[in-house]
Amino acid sequence: MAPPAGRRRYFPRIMLEYEKHGELKTKSIDLLDLGPSTDVSALVEEIQKAEPLLTASRTEQVKLLIQRLQEKLGQNSNHTFYLFKVLKAHILPLTNVALNKSGSCFITGSYDRTCKLWDTASGEELNTLEGHRNVVYAIAFNNPYGDKIATGSFDKTCKLWSVETGKCYHTFRGHTAEIVCLSFNPQSTLVATGSMDTTAKLWDIQNGEEVYTLRGHSAEIISLSFNTSGDRIITGSFDHTVVVWDADTGRKVNILIGHCAEISSASFNWDCSLILTGSMDKTCMLWDATNGKCVATLTGHDDEILDSCFDYTGKLIATASADGTARIFSAATRKCIAKLEGHEGEISKISFNPQGNRLLTGSSDKTARIWDAQTGQCLQVLEGHTDEIFSCAFNYKGNIVITGSKDNTCRIWR
């Protein structure tokens, strides 16, 4: 199973520009509650109460802005996906697939020791990133910027590349075993790598130097993720624990102890208040990100949890299991609100579209499925792969899906 890639959250927001002491400043307002059916006037009223910068004279302008965003949110709500391209990406098996933010291009990692960059619209290969001496396993864009790629390899190194030229900026050396997960921080100043050597390392993108080694796990690290502000990083390990680290000092902040088997996924919600962990012990746990205390255990699956995630606002949680089902939970009530049934094999990947109304799952039954995130109803089965799907992702607009399979092809659906 390919490791969960670091998930970056995006959703509607408005930016305010204002002048203070002759200096131009900006402030962003996240519109977490905006949906296709939101009452825009009421929402604007609420925002104005909380935000003194938005004076009455600006009301109509803000309403218009939010209405435009609302229209965009609704555009992809009933999107049907059609197969656009099948790419025989590599001679040897694929390990992972990742999209840039807009979905204009994507990357594939492979056992052939390369990472390839592809143009989504044409299916053309743009570049082959060569230089690793073993399997390229973990791959990522520095979204939302998308001008750099990081590749983590079984050769124990991580490389940083230019998207535009394919040039290798740095090779990060120091791990003593395979690198199996990596992530950029949101500011795109650091890359974090997780390894089978039980450590994670933080690397400086500018000078290529190691910043910190995060030591404390007693078994392999297979998952890592930054929070949205970039000041915390979590590592999930086969030692059954998740550790929260201070990204600015490299110090251990909390150890999340409670699972009784290997960790398969770990991620923060958008406002960095909660951490979600999935485990081979068939449960997911929710933790208070500040004090490291477990606030809920999500149960119901009959087999290992292989993936889990928050939606982009942090209101919903999705879990995917080896029992062939997925579930949707409310983050507020911690109750299961829908069970996603239909796959005939284990589900190794699950993700929400950025709009929050659709879920995408990839399974060993050779299909990916699109589900309604409110009802749990299966809306579409993406068929055609001839072996298990281990990687699948939406682009930011939610109108493109990429699937990667053990049949050695990538499929673009749009």
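Cβ atoms here come from the backbone N, Cα and C positions, even for glycine.
Here's what TrEMBL has on this protein:
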type   : residues : note
REPEAT : 87-128   : repeat 'WD'
REPEAT : 129-171  : repeat 'WD'
REPEAT : 172-213  : repeat 'WD'
REPEAT : 214-255  : repeat 'WD'
REPEAT : 256-297  : repeat 'WD'
REPEAT : 298-339  : repeat 'WD'
REPEAT : 340-381  : repeat 'WD'
REPEAT : 382-414  : repeat 'WD'
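Spatially, the repeat 'WD' (382-414) is not adjacent to the repeat 'WD' (214-255); fewer than three Cβ-Cβ distances between them are under 8 Å for residues at least 6 apart in sequence. Confidence for the repeat 'WD' (87-128), expressed as mean pLDDT, is 94. Secondary structure counts, DSSP: the repeat 'WD' (340-381) has 0 helix, 22 strand, 20 coil.
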